[in-house]
Amino acid sequence: MEIWYTEKLELEKGRAVSYRVTKTIESLQSPFQKIDIFETQSFGRMFTLDGVTMVTNKDEHSYHEMIAHIPMMSHPNPESVLVIGGGDGGTVREVLKHPSVKEVVLCEIDKAVVDISYKYFPECADAMKDPKVIHHYDDGAKFARDNKGRFDVILVDSSDPVGPAEVLFKEPFFRDMASALKPTGIIATQAESFWYHGDVITSLFEFIPKIFPEYGYYYTTIPTYPSGIIGFTFLSNAIDPYAVTPDPKRVPKGLKYYSPEIHKAAFVLPEFAKAYIKRKG
């Protein structure tokens, strides 16, 4: 008998995506969310939170490389990095590929995510064992609020704006992050798909221009996320994302998705999606 895992998309009512499961590896309920690990026919090992796909062996690199390397390559010398969420370790792994980095603070509210990632996704999670990585298991907004002016780059590797992640899409959280940045710092946050979540993106860019003088939206392609793409905000007090020309000499070796050409192209949006982003001028 065939077994299928079906993800009913919370933010896209009336839609679902199914994957053939060859093995259910582990299921557990943490204090914050339900965690499942499957072996799938098409995407290898799959990690879900509350029935929503987070990571698969086949395509995780496109998400992790793009949330990390776009801001890291845009900053002239990123030394101190905060990752909020991202307990699977993939974003931390990519950040550590930049030799300028001296510390990475991982602020993950759910320690169970980290523990199960060590067990089943070592290709992502083992990076979190690096001595440069500081683990902090707490609310990301509070941590940002308590660390003013500390970070060159802040990356918010969050799930969708429901449940414990909902606060990460609200104006107070973005103000807390702004206070934690150094003057030339950059923030990138998971910001949904322009195909299905125009309302979410529009709501973000209603308040973002009030906080950051420089901002933009970019995206990556990833087949296991709704619509096959996922977007990110790019926020800064000093660095215009549309004016950045990445230095090819700084690109980490062995990447599977990111390149200087992809960097520039990621900010080019279809006409309908441009309407979601309030740009000055």
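The backbone N, Cα and C atoms fix where each Cβ goes, and this holds for glycine too.
What Swiss-Prot records for 2-237 is domain 'PABS'. Confidence in the domain 'PABS' (2-237), given as mean pLDDT, stands at 95.
Per Swiss-Prot, S-methyl-5'-thioadenosine binding site is recorded for Gln33, Glu108, Asp139, Gly140, Pro164. Secondary structure from DSSP puts Asp139 (S-methyl-5'-thioadenosine binding site) in coil.
Its own atom aside, the Cβ of Asp160 (spermidine binding site) has 21 Cβ atoms within 10 angstroms in the protein chains shown. Per Swiss-Prot, spermidine binding site is recorded for His64, Asp88, Asp157, Ser158, Ser159, Asp160, and the stated evidence type is sequence analysis.
Close to Asp157 (spermidine binding site) in the fold, though at least 6 residues off in sequence, lie Ile67, Val83, Ile84, Gly85, Gly86, Gly90, Thr91, Gln190, each with a CB less than 8 Å from its CB. The active site, proton acceptor annotation in Swiss-Prot covers Asp157 and is backed by sequence analysis.
You'll find the Cα of His64 (spermidine binding site) roughly 16 Å from the Cα of Glu108 (S-methyl-5'-thioadenosine binding site). In the shown protein chains, 19 other C-beta atoms lie within 10 A of the C-beta of Ser159 (spermidine binding site). Asp88 (spermidine binding site) and Gln33 (S-methyl-5'-thioadenosine binding site) are 14 Å apart (CA-CA, integer value).
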